[in-house]
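Please read the structure below before turning to the comments.
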Amino acid sequence: MKKIAILGSTGSIGTQTLEVVENQGDIEVTALAAGSNIRLLEEQIRKFRPKIVCVFEEEKAKELKESVRDLTVRVVSGMEGLIEAAVEETSEIVVTAVVGMIGIRPTIAAMEAGKDIALANKETLVTAGHIIMPLAKKMGVRILPVDSEHSAIFQCLNGENKGSVHKILLTASGGPFRGKTREELKNVKVEDALNHPNWAMGRKITIDSSTMVNKGLEVMEAKWLFGVQMDQVQVVIQPKSIIHSMVEFEDGAVMAQMGTPDMKLPIQYALYYPERRYLKGDRLDFWSIGQINFEKPDLVNFPGLKLAYEAGCAGGTLPTVFNAANEKAVAKFLNREITYLTITDMIEGAMNGHTVKENPTVEEILDAEAAAYEYIESRW
Ligand SMILES: NC(=O)C1=CN([C@@H]2O[C@H](COP(=O)(O)OP(=O)(O)OC[C@H]3O[C@@H](n4cnc5c(N)ncnc54)[C@H](OP(=O)(O)O)[C@@H]3O)[C@@H](O)[C@H]2O)C=CC1
Ligand SMILES: CC(=O)[C@@H](O)[C@H](O)COP(=O)(O)O
Ligand SMILES: [Mn+2]
């Protein structure tokens with residue numbers, strides 16, 4: 001039996017990971033973690049019987065502890081608890097499906113404990129890639145991409161010499177507002193931005209897709225995962241999300257990975273790599289698809305992608321500021337405290353006011369995060 005821990009088990013990636021576990025029937029779930037959703041977490045505990053469970057919010061953890069008194073599961077809380085869940089001794093793979101930079105410490109702890117990482121939590125790699133990638137090498141652990149585009153690239157690179165990659169063609173749907181101008185985006189409502197054309201995902205990443213910030217984070221994620229330069233990653237809009245990404249090699253050959261938009265494929269591929277297993281679900285029907293269209297991204301009306309290239313090229317603490325400002329801004333937008341266009345204004349403002357620190361430690365990354373938050377709170 002393969003043994004896995006899932007950090008963020010109550011979210012979109014977490015629940016789909018558990019669907020894969022259930023469908024395959026030969027994976028043991030050793031640890032689960034969530035922020036506060038103890039109702040769903042209790043259901044998951046009763047079904048999958050993990051040894052340890054973390055609820056980040058202490059009060060909720062106490063509540064959960066009471067309701068699972070009849071079981072032997074250990075319930076922990078806070079960052080210490082999240083790290084305990086990440087390093088549970090029998091796990092082989094830790095699925096990082098928490099949202100945001102909160103994933104940095106548990107991911108590092110899991111790697112230091114010798115676990116492979118099935119990485120969905122892109123914010124960790126964007127902000128701490130210079131720590132994560134060398135640590136993976138040092139510990140001999142694998143970073144298995146779960147993000148659909150990065151899984152696609154990983155699949156295209158199977159059996160290939162990484163040195164012969166010319167460029168990565170990172171596909172983007174363009175989100176619900178593709179083709180709109182800033183003027184037309186002024187009065188966008190939360191509900192409009194949450195209406196992704198192809199994917200059902202968590203709220204934060206869905207807003208990121210609409211602003212193209214998700215694609216910006218993914219360009220930086222690709223840089224770290226595949227050891228390429230920022231300018232070797234070209235974003236291509238492909239509105240139907242059926243080409244999940246492509247790789248162009250030195251000889252001009254382009255390999256693409258295609259499929260219906262279903263995260264269970266990259267999740268399952270990461271858990272069983274290099275094995276491919278049957279996955280039930282719709283298949284692409286090329287006769288009915290007819291056409292696949294491509295567009296250039298619009299960096300003027302969607303400045304989030306341009307800012308991400310700036311952050312990724314500068315490196316150091318600037319990707320953290322880009323990411324942290326976005327996390328704060330999206331939370332405020334979802335809370336209806338700011339307008340839609342203010343999201344990227346906040347990112348730009350925070351980046352402009354920041355002095356980059358090269359090669360930051362985890363503490364310095366967290367300081368840069370706090371500084372970005374403070375900047376936003378003081379200006380907006
Ligand atoms: N959804 C998708 O299809 C894709 C997602 N990703 C990436 O995967 C990650 C997860 O995204 P998604 O599943 O959509 O997000 P969701 O918002 O759906 O889920 C987030 C999960 O993280 C948990 N969580 C939040 N804060 C904490 C905390 N402090 N401690 C422990 N757990 C916490 C939540 O718990 P609770 O429910 O209790 O709040 C929930 O289980 C993100 O980094 C995203 O960018 C990448 C590609 C595709
Ligand atoms: C499913 C997944 O990996 C998301 O990151 C998805 O790519 C979002 O779609 P767009 O950002 O391309 O709209
Ligand atoms: Mn993606």
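A Cβ is built for glycine as well, from the same backbone N, Cα and C atoms used for every other residue.
Look at TrEMBL and you will find 4-129 tagged as domain '1-deoxy-D-xylulose 5-phosphate reductoisomerase N-terminal'. With helix defined as DSSP H, G or I and strand as E or B, the domain '1-deoxy-D-xylulose 5-phosphate reductoisomerase N-terminal' (4-129) counts 63 helix, 28 strand, 35 coil.
The NADPH binding site annotation in TrEMBL covers Thr10, Gly11, Ser12, Ile13, Gly35, Asn37, Asn121, Glu123, Gly202. In sequence order, Leu7, Gly8, Thr96, Ala97, Val98, Val99, Gly100, Gly103, Thr107 are the residues of the chain that are 6 or more apart from Asn121 (NADPH binding site) and have a CB within less than 8 Å of its CB.
According to TrEMBL, the 1-deoxy-D-xylulose 5-phosphate binding site annotation covers Lys122, Ser148, Glu149, Ser173, His196, Ser209, Asn214, Lys215, Glu218. Taking Cβ-Cβ distances under 8 Å and a sequence separation of 6 or more, the neighbours of His196 (1-deoxy-D-xylulose 5-phosphate binding site) in its chain are Ser173, Gly175, Pro176, Thr206, Ser209, Ser210.
Summarising the annotation, TrEMBL assigns domain '1-deoxy-D-xylulose 5-phosphate reductoisomerase C-terminal' to 143-226. The average per-residue pLDDT of the prediction over the domain '1-deoxy-D-xylulose 5-phosphate reductoisomerase C-terminal' (143-226) is 98, rounded to a whole number.
Secondary structure from DSSP puts Glu149 (1-deoxy-D-xylulose 5-phosphate binding site) in a helix. Its Cβ taken as reference, Glu149 (1-deoxy-D-xylulose 5-phosphate binding site) is surrounded by 28 other Cβ atoms within 10 Å in the chains shown. Summarising the annotation, TrEMBL assigns Mn(2+) binding site to Asp147, Glu149, Glu218.
The domain 'DXP reductoisomerase C-terminal' annotation in TrEMBL covers 258-373.
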Original post:
Of all the binding-site residues given, Thr10, Ser12, Asn214, which has the fewest Cβ neighbours within 10 Å once its own Cβ is left out?
Top reply: Ser12
Original post:
Taking the Cβ of Glu218 (1-deoxy-D-xylulose 5-phosphate binding site) as centre, how many other Cβ atoms lie within 10 Å?
Top reply: 29
Original post:
From the Cα of Ser12 (NADPH binding site) across to the Cα of Glu149 (1-deoxy-D-xylulose 5-phosphate binding site), what is the distance in angstrom?
Top reply: 17
Original post:
Within 10 Å of the Cβ of Asp147 (Mn(2+) binding site), how many other Cβ atoms are there?
Top reply: 27
**OP:** Compare the Cα of Ser12 (NADPH binding site) against each of the binding-site residues Lys122, Asp147, Asn214, Glu218 and report the nearest.
**Re:** Asp147
Original post:
Using a 10 Å radius around each Cβ and counting other Cβ atoms from all shown chains, which of the binding-site residues Gly35, Gly202 yields the largest count?
Top reply: Gly35
**OP:** Report, in whole Å, the straight Cα-to-Cα distance of Glu218 (1-deoxy-D-xylulose 5-phosphate binding site) from Gly35 (NADPH binding site).
**Re:** 24
